[in-house]
6 protein chains.
Amino acid sequence: MRFDGRGEGSLREVRITRNYIKHAEGSVLVEFGDTKVICTASVESSVPPFLRGKGTGWVTAEYSMLPRATHSRSPREAAKGKVGGRTHEIQRLIGRSLRAVVDMSLLGERSIIIDCDVIQADGGTRTASITGAYVALCDALQGLVAKGELSSLPIREAVAAVSVGIVGGVAVLDLNYVEDSAAEVDMNFVMTSSNRFVEVQGTAEAEPFTIEQMDAMRTLAVDGIKQLFQIQQAVLAR
Amino acid sequence: MRFDGRGEGSLREVRITRNYIKHAEGSVLVEFGDTKVICTASVESSVPPFLRGKGTGWVTAEYSMLPRATHSRSPREAAKGKVGGRTHEIQRLIGRSLRAVVDMSLLGERSIIIDCDVIQADGGTRTASITGAYVALCDALQGLVAKGELSSLPIREAVAAVSVGIVGGVAVLDLNYVEDSAAEVDMNFVMTSSNRFVEVQGTAEAEPFTIEQMDAMRTLAVDGIKQLFQIQQAVLAR
Amino acid sequence: MRFDGRGEGSLREVRITRNYIKHAEGSVLVEFGDTKVICTASVESSVPPFLRGKGTGWVTAEYSMLPRATHSRSPREAAKGKVGGRTHEIQRLIGRSLRAVVDMSLLGERSIIIDCDVIQADGGTRTASITGAYVALCDALQGLVAKGELSSLPIREAVAAVSVGIVGGVAVLDLNYVEDSAAEVDMNFVMTSSNRFVEVQGTAEAEPFTIEQMDAMRTLAVDGIKQLFQIQQAVLAR
Amino acid sequence: MRFDGRGEGSLREVRITRNYIKHAEGSVLVEFGDTKVICTASVESSVPPFLRGKGTGWVTAEYSMLPRATHSRSPREAAKGKVGGRTHEIQRLIGRSLRAVVDMSLLGERSIIIDCDVIQADGGTRTASITGAYVALCDALQGLVAKGELSSLPIREAVAAVSVGIVGGVAVLDLNYVEDSAAEVDMNFVMTSSNRFVEVQGTAEAEPFTIEQMDAMRTLAVDGIKQLFQIQQAVLAR
Amino acid sequence: MRFDGRGEGSLREVRITRNYIKHAEGSVLVEFGDTKVICTASVESSVPPFLRGKGTGWVTAEYSMLPRATHSRSPREAAKGKVGGRTHEIQRLIGRSLRAVVDMSLLGERSIIIDCDVIQADGGTRTASITGAYVALCDALQGLVAKGELSSLPIREAVAAVSVGIVGGVAVLDLNYVEDSAAEVDMNFVMTSSNRFVEVQGTAEAEPFTIEQMDAMRTLAVDGIKQLFQIQQAVLAR
Amino acid sequence: MRFDGRGEGSLREVRITRNYIKHAEGSVLVEFGDTKVICTASVESSVPPFLRGKGTGWVTAEYSMLPRATHSRSPREAAKGKVGGRTHEIQRLIGRSLRAVVDMSLLGERSIIIDCDVIQADGGTRTASITGAYVALCDALQGLVAKGELSSLPIREAVAAVSVGIVGGVAVLDLNYVEDSAAEVDMNFVMTSSNRFVEVQGTAEAEPFTIEQMDAMRTLAVDGIKQLFQIQQAVLAR
């Protein structure tokens, strides 16, 4: 039994609220338990320099936490004048994860910019961001189809993500902050709805892990992500 | 009659939701119509260098907008590596407004950091921020009283703010984005509950304004702020 | 009677010396008592990106203080690698004040960059900057007329600025540094020669202020600025 | 058969030259084929603020590439004024990998700073860096033991790293630049000499990957890293 | 005959006005022809970290040009967020030149910060800065003696500087901007009043120079600097 | 006799290894005793903005030291977010020295970027950099000739550099770190193979120097640089 009563392979309550910010082409509030992230998808009619004139599009992401999303206040990166290493890692991960399921050659010379802003953090902010951002991205692209700017949705399959870890020697799914702080191992899996992997990241926080532990965590993640795909589908079907 | 049907001296619907972010000592979601700002108050047990050892406290503020709070996406200040001029102006204004009603000599060597993060912008983000931040600040200070760290609430009176302007030659209260973009003159008033002024800022956007226009705007503002004090009181009384 | 023997409604001695820097299209040394600011106006044949191709011009301002303009030395913003909040506020104020009296549609695709560099500070540096910069701007624009690049002076009326405040409970005009440090309230008024307001900024430093105090300060400011217009006119007539 | 004639499970020629930089407490030139990295270990008698007074040490890493380590010249991060996202990711990875095998409670209040500077890049710079840095770290710590500052070597086991990938549908070990550019999937494994994992990072560059592909890559990596441990041991035994 | 009628070995008119900025411990306006620099000397009661607790003092310098000191406007370094290479070179040169004549062991744990701000540039800004800064430094140190904080003036001898160059094949002294732009070679000499060298910097702008040319320039410089010492002495004797 | 047994006018052992980095158009490892610098020359098909469309080329240089090139570790400039004053001075010196011998009008609209990265420092890093960079530059330009992109080598003559100083009252050539730290005077000479000067920089570290000392150092430098030209020629002849 875990701190919050969940079983080892249980997700926290996951909620995705669409059309959360009125100005954005796509926007959701995604909640994994007490972790809450606003994900917006903005359509811009330009691409980065390395893609100009190639007829292809781009999807990129930025990630941030409000200063008081965390237990104690974290200084703003804008005030410090630079984006930190952890932020860089996470926003690159989100961008790669979404690009893996978008056919950018069908997107035209457009960029979709995903902004994931954590307003309350309780573990798993990067996996919640990816899972929610996929829905915001679908809404933004669906809007381009509705306006006739795209002939079909340039999405190959769905993408979602979950964290797993070893806590007290046991593999558990979707760690909250208390578990994350105590975990011996922390892994994040990003998968597509065809049951394939886009990103795998595992870190031994306290103790290196065995091949058996890696497999146990992987099994939990594969099951958890399947549930996330059902939640995404249900929300998008509304 | 205004774009949204309001009379010249009417506020938009104002809502203040307390305890919005679970980690913060004080936190609200403040809404002035479609303008939505998360205000948190964080207590830290240190003061800036210029106050160290003087036995007095400090209240300061930071302000930011999510990239997609606005009609078109604005680049993040963290990515640009510096805080822009408009942000500086607004966060200095919020800080001064709150310090005007706090007795910092009773606060002890503590800082209260107010974070105002605009998640959706529709005009009046700075006045909504001040009005909401006052409530978050009360909650944070009340928490210090409840824990016995302060013997009484070091607040002299309430503070709130509203925008006024000249639109199409007519003075109007609490401008939304469409009005703000079209305004000839834009003023912001910050007042205390003893009916006195903390900050007055007026800018001729298109045309200099007369002393009569200034007085007409001031009258609207004084009335509007009185209503904001009632809303703050009602919310704090719950 | 004030520290320096002035009456409540008296300006300090104001001097404006034209053609102070030989390279600039317009340049003055403006002195409000011991406050001394070099204001230059530079003509550039381009406009900021948001105005390109629109056939209209732009006026902008930058402000700085020499490190030892002040009682104790202030670190250079270049060495700190960023422009501070106070500087941002002041240079935005100067820019808005000058744009209020220039017909930018008659300026062509040109920028006028105003640089206000305080070489000695004794209170009122922003109001002295605006008052002096207007003269430098006139000289730069007159130069464009003389060279046939403009058919007429694209200036609608004059602009000048003064500070007022409440010191020891009494409203006074044009505060020097000693008064400014002791003031309960500090206001700056920017007006045009048609007796209208461009900017009004009032801040309660120590105590919120009443509507009667605001009116008393406004009366002093309106009178003081009238005298500044006479000084500008006399200097420009030479 | 691969571009350079290697079999699918073959490492490139790996060479580690100790005592490469005369000033450093530990230093090696590590070569994985044409990838060449200078790794130094510097001992400093202080720890980061969050560890001060706790009696424990710290190991951290920085990573950089000479501008012309790559096919076309890359601008210096110092000239751009900020460390990029890729650099942040890699140096955090190197630091975590080394901390996993050091008993920092035995290190005293000392920091070991690992610098990995790539002088020539041909794929696998991060895995070569980790593999070489371990040797430099051993030399630096051995030096502290030799001087009597540590009673024993605070290293629990060895650590090394290798890249694997899917190229043309086939799993291959230790990709060079040409393979890396063409790879569908790119994984990096960091392991300890007790056959356990410290870090696992897999990214689908072109196509998501299956669980079978992940296992095939993992098998190659486990074998390759065993050979790296033998090379490290042989070099350290000299 | 030179552009401005001077002979090859003639200085421009040199003027040094003391007590130019009322707040600074020492301050001058130094003019070499149309080159005008405000030099201030500020006394601070601390030293850089590398000198703390050693009982010795420090002298350092910063240099800047107002944006419109030059023919066309130069962007501010504060706005660009970094100090450029030329500025770095010049301020390091000024600092070294002044430290060469101060006995820092007699200064106590104090720093003297020299600020050289060019308000109008016409060639030779660095040599004018050094020559003027020496006078400001003397005034600041004399002030410490007058207040009893130092028992005697910790200055060993005077320091001054001048530029020389090869223009049209001929060696000339104290180049103005027009000559400087056309010079084949540009040298700066910094000397002390005992006829010794502190700094020598020569650069072939268009053509390498011979040993005979170097000697011709050196002879002019030695003579020119002797005149500068007389001007400094006369100014300080008032 | 010097610390390392050399005579006053002797160079350390100088070695230049060509083709040191496989990707660069020109690259050497240059060694002046224990000082080791990697110099690469990169050809880019663009020029800085101020030269665009003028049909002429450009040569520029960047300089850096690995953090542990020095006795104690120096923080990276990339981590500090800015390039320091010393680095600016040195890279500007290297660039000017090389431009002095290249006929940039024959280079076409191309830039040659020289990177000098010190991997081990023992005094004289800037003079070693210039001496080695000349060889890397020749190789890069020879490559353009070989590919038919240039009809002839646009080099007028060779360039090399050496340091001299006064140590213990005696003029010595090519100072190592120990001598450099103890030197009363430090000079650097950059000369061309026609026996002319490109740059002369002399600094009194501890004591101003006489005209006789300057001449003694100059004589040593002229002799030392002649030997460097022979070494460059021999290496390029291979």
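Easy rule for this one: first residue shown is 1, then count along the chain.
Every residue, even glycine, has its Cβ placed from backbone N, Cα and C.
The record from Swiss-Prot ties C:G124, C:T125, C:R126 to phosphate, and of the options C:R76, C:R86, C:R99, C:R156 it ties C:R86 to that site too. Minimal Cβ crowding within 10 Å, among the binding-site residues C:R86, C:R126, is found at C:R86.
All protein chains shown were included, and the count of other CB atoms within 10 Å of the CB of C:G124 (phosphate binding site) stands at 25. Long-range Cβ neighbours of C:T125 (phosphate binding site) (same chain, at least 6 residues apart, Cβ-Cβ under 8 Å): C:T35, C:V37, C:M65, C:I90, C:C116, C:V118. Secondary structure at C:G124 (phosphate binding site), as computed by DSSP, is coil.
Sitting within 8 Å of the Cβ centre of C:R86, C:G124, C:T125, C:R126, and not among those site residues for phosphate, are the Cβ atoms of C:Y63, C:I90, C:V118, C:A121, C:G123, C:T127, C:A128, C:S129.
Here phosphate is bound by C:R86, C:G124, C:T125, C:R126 per the record. The longest Cα to Cα distance in that group is 13 Å.
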